[in-house]
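S.K.: Please read through the structure below; I'll follow up with questions.
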Amino acid sequence: MRPAYDDPRTTDQPITRARPPPRAARGRRLGEEPLTEHLVDPDVPRDLHAFIAGLPKAELHVHHVGSASPRIVSELAARHADSKVPTDPEALVDYFTFTDFAHFIDVYLSVVDLIRTPEDVRLLTYEVARDMARQQVRYAELTITPFSSTRRGIDEGAFMDAIEDARKAAEAEFGTVLRWCFDIPGEAGLESAEETARLATDDRLRPEGLVSFGLGGPEIGVARPQFKPYFDRAIAAGLHSVPHAGETTGPQTVWEALIDLRAERIGHGTSSAQDPKLLAHLAERRIPLEVCPTSNIATRAVRTLDEHPIKEFVRAGVPVTINSDDPPMFGTDLNNEYAVAARLLGLDERGLADLAKNGVEASFLDAPGKARIADEIDTYTAAWLAS
């Protein structure tokens with residue numbers, strides 16, 4: 001019997017809700033499982049990969065444009081022939097190989113430049129949701145940078161309509177609930193902060209799915225305190241604060257995000273491990289870190305996976321969530337990030353289920369929604385272990 005989940009890279013079949021495959025179906029040939037060869041970590045048992053593939057999940061740190069699959073990127077590049085982005089999906093593998101964080105930003109912005117019409121926005125958003133659903137993502141807070149689109153001439157109202165139309169279609173067709181985080185592209189300065197805050201707080205424009213306000217882009221030379229007035233406005237309008245911090249800079253940046261931007265979660269927070277007082281603060285206040293292991297290696301924020309500080313975070317009692325950041329660009333997906341976490345933390349099925357529930361608990365979903373997904377995780381895990 002074939003598992004009720006499919007590899008988003010190899011099929012366009014309808015998406016169905018996952019259930020644990022029977023024991024006989026586990027360990028079957030590669031190609032019949034949800035992960036492709038290059039994503040199957042040989043240090044993680046095949047049974048555990050199969051468990052992860054069907055595990056209901058929430059994802060809290062994943063970027064809109066950065067989640068565009070090679071197929072969608074190549075389609076958009078073909079639409080806009082003046083772009084330097086390759087139209088061949090195979091060539092994108094080399095194009096998405098980064099020398100450092102600055103190079104990643106350059107490549108990322110070249111893909112951003114492909115999103116030029118409301119139709120591009122809707123296509124991207126809908127297809128990102130489709131890929132999430134195939135990984136059993138029940139709920140996701142997708143980071144969107146509206147400034148990058150409106151400055152390229154997309155009407156702001158049409159932009160909001162496009163993401164909302166895709167959100168509603170995705171929930172109706174795939175069962176995946178999307179919510180938005182509007183983030184400031186830090187490299188674009190205070191002009192982008194003003195524009196993003198306006199779009200996030202203007203009741204005539206603010207989309208129904210918006211729940212949080214963030215800050216992304218390079219950290220070096222982009223001080224967090226300068227964005228305080230814009231976060232204050234967003235928080236006053238009822239949005240949650242979720243800035244990136246401590247990805248490529250030291251723990252002081254995380255402190256600034258906590259103190260000046262009133263962060264409720266920290267994007268990455270990788271350097272927090274360098275400051276015991278900061279770890280204790282995060283643990284005591286139950287402030288989650290949105291950890292993205294493969295991303296940190298791809299951008300050279302961390303040298304190797306074995307050196308990733310996720311183990312220090314867990315030992316210190318800091319709430320940890322697992323995320324994919326910009327998955328196709330980093331040659332990963334959320335299932336693979338769970339497999340990486342399983343290896344680094346020595347997790348079995350119950351440990352992975354607890355990790356998935358961390359993501360649900362740290363989300364901005366309402367209490368009934370959290371309880372529903374947590375119950376689904378428990379039911380799935382119990383059925384798997386009993387089979």
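Note: Cβ is positioned from N, Cα and C throughout, glycine not excepted.
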S.K.: Which single residue out of Asp161, Asp165, Asp325 does Swiss-Prot record at the Zn(2+) site shared with His61, His63, His244?
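M.R.: Answer per Swiss-Prot: Asp325.
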S.K.: Name the residue, out of Gly157, Gly209, Gly217, that Swiss-Prot lists for the same substrate site as Arg116, Asp183, please.
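M.R.: According to Swiss-Prot, the candidate sharing the substrate site with Arg116, Asp183 is Gly217.
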S.K.: Reduce the DSSP letter at Asp183 (substrate binding site) to three states and note it down.
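M.R.: For Asp183 (substrate binding site) - judged by DSSP and reduced to three states - the answer is strand.
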S.K.: To the nearest whole angstrom, what is the C-alpha distance linking Gly217 (substrate binding site) and Glu247 (active site, proton donor)?
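M.R.: Between the Cα atoms of Gly217 (substrate binding site) and Glu247 (active site, proton donor), the distance comes to 10 Å.
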S.K.: Give the residue from the recorded positions Arg116, Asp183, Gly217, Glu247 that has the most other Cβ atoms within 10 Å of its Cβ, counting over every protein chain displayed.
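M.R.: Going through Arg116, Asp183, Gly217, Glu247 one by one, the largest Cβ count within 10 Å is at Asp183.
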S.K.: In whole Å, how far is Glu247 (active site, proton donor) from Asp183 (substrate binding site) when you measure between their Cα atoms?
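M.R.: For Asp183 (substrate binding site) versus Glu247 (active site, proton donor), the Cα atoms are 16 Å apart.
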S.K.: Rounded to a whole angstrom, what is the C-alpha distance between Glu247 (active site, proton donor) and Arg116 (substrate binding site)?
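M.R.: Answer for this pair: 29 Å between alpha carbons.
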